[in-house]
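Can you read through this structure? Questions will come right after.
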Amino acid sequence: MAPKPPPGTSARAWDGVTPALSEWVLDAVASMGFTRMTPVQASAIPLFMAHKDVVVEAVTGSGKTLSFLIPVVEKLLRLEEPLKKHHVGAIIISPTRELASQIYNVLTSLLAFHPPSASTLKPSDDDDDAPRQKFPSSTLKVVPQLLLGGSTTPAEDLSTFLKRSPNLLVSTPGRLLELLSSPHVHCPQSSFEMLVMDEADRLLDLGFKDTLQNILRRLPKQRRTGLFSASVSEAVDQIVRVGLRNPVKVMVKVKGTSGVQDKRTPASLQMTYLTAPPTHKFPAIKHILYSLEPAPQKTIMFVSTCSGVDYLSAILPSIIGDDFQLIPLHGKHQANVREKNFNRFVNSHTPAILLTTDVASRGLDIPSVDVVIQIDPPSDPKTFIHRCGRAGRAGRKGLSVVLLHPGREEDYVSFLEVRKTPVAPYPHTLTITDADAAAATETARKAVLADRALHDRGQKAFVSWFRSYSKHQASSIFRVADLDWEGLGNAWGLLKLPKMPELRNFQGDRTLGVNLDWENYAYKDKQREKRRKEQVQENAENGVADDQAAGKKRSSESVAWSRNLDNRNKKLKRREAKQARQQKDKWEKMTEEERQKVLETEKMLEQIRVKNEEERLLRRAAKDKESKAAGGDDDDEFKGFD
């Protein structure tokens, strides 16, 4: 048994909590390596154990999980008598399968130090034949059950519940509501003690508001409720007003280097940004991964879409190299694939990269993440701190890098600073040449040329990426009009730009300089290639129809330029009118608080835009002055960063 931390007078000593923690809990936290409580634990645990409703807002990686698990377990083990069969004493709700699984794993690690509760846990395969200690039915114990949609059916969950009669449920919202709807599951006021909603704002962001309200209606009002999150939004406040009784609000912040307590991320996390043209992004990522000392063992890279994960997971390994194992993870993966890939990353003993969407940005307690790289800044700025917070957890040093395009996107730095999430320039010298960028593009295209299916995947991913980019909440910073289409296409290793309405007036090279025999460009999958050839043959046999179609196309192309321009202007006006109507409808449906928030955001963005435009003009004037003094103009070559 691990030695308990020595008694002390520190307000964060585990043995100084009032009411006092059980001896076995002190053994458990000591074994887990926690010599003293984190600030959020020191604030929340005594309150929750003292029968207070709590709303806890704290930075990611601050130890929120134990802040609610310990009070819940202590409460269930201090009842006067065991709960009746099929009566539930406590529920923990999580927004995602992965987070629910992690909470359950921490819970079972904790209960392993309480022999009566440990005896109820499902034995591992290695211990199936080992004798298990039995305890009288009158012994108080915690019997947990994990409920996850996609892993088991509701009928199987109910069968397990009836067989084991758990008194603590850890679940995602939908599967929990299904179980609570059964007449065999009981949560009366005489039995039910505590409800925990972890990552509460994410629960609402994912559309679980109605489900949560249905769950709350099935639970007694006389209960203790804990709401834990990295940020508390107006929507969360609505849940607080409905579901909590006179809650105590706990807000734990960390000091920045200036000593001002306004940072929303861990002090041990170094948050940086890197400005690079599209074609330089992937070579820059490779340079970061190979130049850091010590080399990162676990890296998370965020992109904006699921199809982006699917495509980039196929081309990035050839660019980054074999020293890093790249593992994809997104919300559209089958449940078993998500679980398998997540465990591969967590349990990897070699350098690994998790290429993922925002499914991994919240709540997941992935141990020992060294670096977070945001290839795409998140559409919702609130998500930024949650992505960064995957590194630098529990006091561990971490590095976060967000990649930005030169120009207007650099205003994102000021935008983040206003939101109390400051980022600094990437501190290490990094030089990427155009030759490096061209080599990365060539490497990616080589992979795409090997299989037409990868080309199809890339076209879909690029369109999906653009749609996500166009919906960015800070649209005055992330402007579609400023995008370098050819640079983006080359960076992604595309063989041509996809057909999409936004490129209708594009005057550049849609082929991206690639000369390809498309008729003989084949799929690796033989059956798919066979079907493609049959379609090509069918088109050839219907050549007359094709000629007629081509004639119609030529006819449309021969329309007078002025008429085409007039048609385009009419379409543009119709589109603008439609967008204006949609904006008006959206505005009318907003509450007064939501309208005020939108106005404040727009005002803030305009102030940032004006400020940065003034600074940009001053820098340009100074640069022109230096250039003239030197007797020539600077070339456009990318020279890296200091």
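Note: Cβ is positioned from N, Cα and C throughout, glycine not excepted.
Worth saying up front: this structure is predicted, and the values here are computed from it rather than measured.
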Of the ranges 86-89, 130-133, 198-201, 550-553, which one does Swiss-Prot list as motif 'DEAD box'?
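Going through 86-89, 130-133, 198-201, 550-553 one by one, Swiss-Prot gives motif 'DEAD box' for 198-201.
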Over the span of the coiled coil (522-625), how high is the average pLDDT in this prediction?
71
Can you tell me how many other Cβ atoms are located within 10 Å of the Cβ belonging to Gly63 (ATP binding site)?
21
